Structure formats: C-alpha cells, structure tokens
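Feature annotations, reproduced from TrEMBL:
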DOMAIN    44-458  domain 'Major facilitator superfamily (MFS) profile'
TRANSMEM  40-60  transmembrane segment
TRANSMEM  80-104  transmembrane segment
TRANSMEM  111-128  transmembrane segment
TRANSMEM  140-158  transmembrane segment
TRANSMEM  170-191  transmembrane segment
TRANSMEM  203-225  transmembrane segment
TRANSMEM  275-298  transmembrane segment
TRANSMEM  310-330  transmembrane segment
TRANSMEM  339-359  transmembrane segment
TRANSMEM  365-386  transmembrane segment
TRANSMEM  398-418  transmembrane segment
TRANSMEM  430-451  transmembrane segment
Amino acid sequence: MENSNFQNDEESNNKDGEFNNIEELFIEDKEFEKKLLRKIDLRIMPLLTLLYLLSFLDRVNIGNAKLAHIEEDLGLVGSQFNWCLSIFFIGYILFEVPSNLVLIRTSPSKWIPFIMLMWGIIMTLMAFVKNFSELMSARFFLGAFESGLFPGAVYYITTWYKRSETNSRIAILFMGNSFAGSFSGLLAYGIVRLDGKLRLKGWQWLFLIEGLITVVVSIFSYFLFSDYPERTKWLSDEERKYAVGRLKNDAGKAHTTHFDKKQIYAALTDWKVHLAMLHIGISSIAFYSFSLFIPAIVNGMGFDFVKSQLLSVPPFFCAGIATLIVAILSDRKRIRSPFIIPCSLVAIIGYVLLITPSIGIPGKYVGACIVGAGLSPIVITSITWLTNNIAGHAKRGIASGMVLVSGNIGGAVSSQIYRQKDFPEYFFGHSMSLGFLIATICITIIQYFVFKTLNKKKKENPQSFLEGKTEEEIKNMGDLHPDFIYSL
C-alpha cells in the first residue's frame, strides 16, 4: 500500500518509536485495516490466551486435588479447605490494582512474564506443603502474583483494539479459562494416576507438573510478548501509524495515552465504575463457585471420583463455546446489556434444574452444562462493557483493576457457599447463585438506563459538559467528553 493513511497538519519527527502530539486526519482503509488486524491477532491473542489458560489451570486445580484426597493427606477439617480457596482471592484482591499500576508504569513485556514466573514457582512448591497453614500461605501468594494477569491482559487488549473489537478478543482470552477448566479435568485424570510414584501423592504430581509447565512458558513469553502499538517492532512504520491512528479515531477527543495521576483519581471516584464493580462482583460469585466446585457438584450426582474429573469437562466446554458466540454477536451489534440479560436467564434455568428434587441425574447434569453456557458470557461481556465506557489509558487500566477486584471479592464469597455439609445436593449453593443472577439482571437494567440517559444529555446539550473548563481540561476529559458515546 503506497498511499499514506494520514495527513499531518504539521511535520514532526518521531523519536524512539514514540509519536508527538500532533493532530492527524485519519483516513480509513478497510482492506489495509483487515490485514493489519489479522497480523495483530496472530501475534497478540494466541500467547495471551495460553498465559491465561495456565493461570486459570493453576487456580482451579485445587478442585481436582480435592478429589485426589488432599484434605485427608493434609489433615484438613471442617471449612479449612474452603478457606484455602478464599485466601487465594484475598491475595488477588490486595494486589490487583497495584499490579496494574506497575504494568502502566513499566511495560507488559517485562511485568507479565515476571509475575507468571513467580506464580509458576509457587505452584511448583505447593506440591510439597505439609499442613493447612502452608497450603494457606501458598494459595495467598499464588493469588497475589496471578492478580496481575487478567486485569493487565484486559487493559492490554484495549490498547490494541477498538471498542467494537474488544469483546470478541477478551472472549478469546476468556476461552482459555473455559478450556482450562475442561483441560484441568482431563489432565488431572491422567496425572493423579501417578499416585505413589517417587513417594508423591496424586495431587502433589498435579501441582508439580502444572507448576513446571507455567515456569517454562513464562521464560519463553519474555521473548515473545509485545508492548504497545506505538513501540512495537514487528509492525512497519505505516502499520504502526495506522494502528495508533485508528484507536485515536475510535475514541475521538476522549483519546488519551499519557500517564496522568488525575486519571487515577477519576477512576477511583467515578460512580459508573462503582456500579460496574457491584455488577461484576455479584455475577462473579455464581461464576467462581461453579468453576471451583463443578467437580464436587458432579461427584454429588453419584459419579465416582474418576468419572467426576472427566464429567467436569463438558460444562466448561459449553462455557467456552457460548462465550465466543455471544462475544462475536455482541461486537457485531456493538451492544452489551441485551446479551447479558438473556445469558443470565439461561444460567437461571440451569440452576432450577439443579435444585429441583424431582429432576433425575441426566437432567441435573444437563443443568450443569446450561449453567456453564450462561455464566461465562455474562462475566466477559460485563467486563468488556466497562472497558468500552472508560476512556484514557491510565483511567481504563485502574478501572479494569477495580472491577476485577470486586470480581475476586465475589470469588472469595463463592468459596464459602458450597459447603461440605450440603453435599451431595448443594441446595444452598445453587440457590444462592440463582439469587445473585437475579440481582445481576436488575443491575444490568439500571446500567442500561444510566448510559442511555447520559448519551441523550451529551447529544442534546454537549456544551453543558464543556462549560467552565480550560482547553487542557477539555483535552483530558476522557469518557466525560460529549463526543464520547457510551456503549449500551
């Protein structure tokens, strides 16, 4: 392609791959953009998805370890196993936002491989814990180092893709979650059969092998991970300019890439972010409880330990396929809430099948698959909805961390609602999840009307948003700028 996609108002020099703050007229070229997007996808998404798959695998394999008798081997009693699940989320919550701050101030190519190496080492060492306190400590630090990956990856995706492209990409990333759940059951089925080899228990082999895989991949990722479009070396100058220009054009005057402490304050005080935190926190309780306890739920239906490992695969597979389909449709229609509500209703139907006493084992198992297909798209589309409606790199990065903190508070709560005393029916856990999904629908409706009202005000009286502000303040308004229209 010989013609440039930009017309500069004035000439400038680029230094070290950085772009000066000049106004450029962006000229769209669909064919060029399609090829560029394909190139970006092939370079960014496979590696990012693999990293998240390993992250989720290391997070939920404790559910498989439960079926491999970790409780009996470590002498866990009462609710101690549940607290080993919850402590992970406490570490995650405490370090999620600080990790995104470090990511913003450093670079993805250094920070993400580093935290991955650290949690891989912890996962490996977890194979040698001897008691409750050691397992609690290991799970806490596992959560602390894993905390930077998903919020960092969500933020990272928004620095490469337009708002209409993010949901399908985050969904591809999130499919690593679903397939990790599927893969976890299959991998656990094979690994725990090493029980007794080298005097190690089956669950020890599980932690050891999966931890070492993570360590190896983290080392390779250091050499493969890319930074932002402005600084990447595998794009030509023309591709780099177009990649940056299309993001600026997508955000309009709300586009800001420089680090500004005011954006951090804006994220912390934005009530729209707080509402999204409530939304994602509540929906995550149902999602994480399903992810952590599906092997135990299936076991409660009457299947033995080995079959329960294998039968935990299809619900995760259904979750992955449903997530991708919903994400593609949501991106094409450029709307979010009309997909969140139906998915919530689908998951509710699944829970109704699980808690109805007259339903037989086949019906309950189908219910578990339906729950998976409904839950996963809710969480991913909700996260994308938030990132679509926040402008400014720093603000979006902090806001992403904040909503995922709330999601992991939901994860900590979810660890306590499927209690051993409720086995095998788990009526309490299923009922609580169903109730949280009803609350999710209500909050989604509220968010929809909030954003619709704000969009109407911006279109009818844009000047009211700019009154009393200096040119510099207007330039840094981000999503509050009247040119920025919220996604519904």
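Including glycine, each Cβ sits where the backbone N, Cα and C put it.
Where the annotation comes from TrEMBL, it is an automatic prediction and has not been curated.
Counting only same-chain residues 6+ beyond the ends of the transmembrane segment (275-298), those with a CB under 8 A from a CB of the stretch are 56, 60, 62-64, 66-67, 85, 89, 177, 181, 185, 307-309, 311-312, 315-316, 344, 347, 354, 365, 368, 371-372, 375-376, 378-379, 382-383, 385-386, 399, 402-411, 413-415, 417-418, 423, 426, 429, 432-434, 436-437, 439-440, 443-444, 446-447, 450. Put simply, of 80-104, 140-158, 170-191, 339-359, 398-418, the stretch with the most CB pairs closer than 8 A to the transmembrane segment (111-128) is 140-158.
Count of Cβ pairs under 8 Å against the transmembrane segment (170-191): among 203-225, 339-359, 365-386, the largest is for 365-386. Residues 272, 275-276, 278-279, 282-283, 285-286, 289-290, 337, 340-341, 344-345, 347-348, 351-352, 354-355, 371, 378, 382, 385, 389, 417, 486-488 of the same chain, all 6+ positions outside the transmembrane segment (430-451), place their C-beta atoms under 8 angstroms from a C-beta of that stretch. The stretches the transmembrane segment (365-386) and the transmembrane segment (40-60) do not meet in space: the count of Cβ pairs below 8 angstroms, excluding pairs fewer than 6 apart in sequence, stays at fewer than three. Mean pLDDT for the domain 'Major facilitator superfamily (MFS) profile' (44-458) in the predicted structure: 89.
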